[in-house]
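Can you read through this structure? Questions will come right after.
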Amino acid sequence: MIAEQHQAVVDSGASKKGAKVGFVSLGCPKNLVDSERILTQLRTEGYDVTNSYDDAELVIVNTCGFIDSAVQESLDTIGEALAANGKVLVTGCLGVKKDEIIELHPNVLGVTGPHAYDEVLAQVHEHVAKPEHNPFIDLVPPQGVKLTPKHYAYLKISEGCNHRCTFCIIPSMRGDLDSRPVGDVLGEAKRLVDSGVKELLVISQDTSAYGVDVKHKTDFWDGMPVKTHMQQLCEELAKQGVWIRLHYVYPYPHVDKIIPLMAEGKILPYLDIPFQHANKRILKLMKRPGSSDRVLERIAKWREICPELVIRSTFIVGFPGETEEEFEELLNFLEEAQLDRVGCFKYSPVEGATANALPDHVSDEVMEDRLQRFMAVQAKISSDKLQVRIGQEYLILVDEVNGLGIVGRSYMDAPEVDGKVYLSDDYDAKPGDQIWVQIIHADEHDVWGVRVED
């Protein structure tokens, strides 16, 4: 999965009495969850988190290292934090390249890899003494510190990945699949819902593989046995009564069993499946599962069972050796699959990826041309599919209310990566509200609507 790059210098909302730690979180939602866990532990120990380098006694930078632009952003951010503060701890995916970080930034206080929560806290203790605080007064909310808006949250169900995609280095950074106990996942989900969360976004490196590493062993939740398996997890999450959105789903056969849950309204009819390509030879070079014919058959079957199903995917153009004919096969796949939401990236030779050694690399000029052609085809598909939504009514979750009106999302839209629903400012609403909207206009990405009575 291509990581979404974003930076957040955060303020946990803590009191202003304790020792202050600055924090910068870079990268994808999985990294954001790591940041939330570190921040929660800091707050539990009485540290304050500040959004100013100047006020902090040290700064933690949680890095991304998936693609070259992410590496550069991480290195630049470390440099900025050093220049502004002077005391910096580095963690996250880029932390596995400790020598590279120290060579460029020798003054960092310490470097750790991803999900190294205890090591990060130990390094903080080494440089900033634990503040005196009363844990019964300075309470951390049961759901922990969250960096997302209060009405939605990411629910990470596992770490690592057992795949060895040739364009990816995630397993070398985050290790093999390590599924969280299903009871722990469901407990976190309940705490989040109890705190007011209206949407849970299930994330991992490979959501479909949840529980494979522990042979789908039985755990317990609320006194009842539950298998560590994607299907059983979805069935239990559905009982929370909030939107459940699935991300990073590989098209394994058992995904077919999730579609009826969507058709029954138990979880959102939304699947994020990173197909990456359609040509059989390219998929084999990528070490990716699937073939276009089989995928198209399954998509048709899914839509027959659940007509409202929305499918998001990501693709790579310009993979080493990709011919014009193979790229055109990808375009034909787009036309046949009629996917709802699509992202596309030019192949990036990530340091350490085995695909870099493949012959016949595609020039950047050709990659850019293919990217533009790909996006033009998908823009037309997306526009046509959204035009069909005009006149229909949807429940939306309000994300923002500003001077121009209300900004929300329907079940078709995940935060940050998909489209939005815009309404005029004639309605009384606040973030986290759920309201019914009739769509009156659409382009290739977003829709506009008017409120209707519940």
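Cβ from N, Cα, C; glycine included.
From Swiss-Prot, here are the annotated features:
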type	residues	note
DOMAIN	19-129	domain 'MTTase N-terminal'
BINDING	C28, C64, C93	[4Fe-4S] cluster 1 binding site
DOMAIN	147-384	domain 'Radical SAM core'
BINDING	C161, C165, C168	[4Fe-4S] cluster 2 binding site
DOMAIN	387-453	domain 'TRAM'
Restricting to the domain 'Radical SAM core' (147-384), what is the model's mean pLDDT?
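Average per-residue pLDDT within the domain 'Radical SAM core' (147-384): 94.
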Specify the count of other C-beta atoms within 10 Å of the C-beta of C161 ([4Fe-4S] cluster 2 binding site).
23
Which of these binding-site residues has the least crowded Cβ, counting other Cβ atoms within 10 Å: C28, C64, C93, C165, C168?
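With the binding-site residues C28, C64, C93, C165, C168, fewest surrounding Cβ atoms within 10 Å: C165.
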Round to a whole number and give the Cα-to-Cα distance in Å for the pair C161 ([4Fe-4S] cluster 2 binding site) and C93 ([4Fe-4S] cluster 1 binding site).
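Here the two Cα atoms lie 14 Å apart.
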Rounded to the nearest angstrom, how far is the Cα of C168 ([4Fe-4S] cluster 2 binding site) from the Cα of C93 ([4Fe-4S] cluster 1 binding site)?
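Between the alpha carbons of C93 ([4Fe-4S] cluster 1 binding site) and C168 ([4Fe-4S] cluster 2 binding site) there are 13 Å.
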Report the DSSP secondary-structure composition of the domain 'MTTase N-terminal' (19-129) as helix, strand and coil residue counts.
55 helix, 23 strand, 33 coil
With DSSP helix as H/G/I and strand as E/B, how many residues of the domain 'TRAM' (387-453) fall in helix, strand and coil?
1 helix, 32 strand, 34 coil
Cβ within 8 angstroms of the Cβ centroid of C161, C165, C168: which residues besides those meet this for the [4Fe-4S] cluster 2 site?
H163, R164, F167, I169, I170, P171, Q205
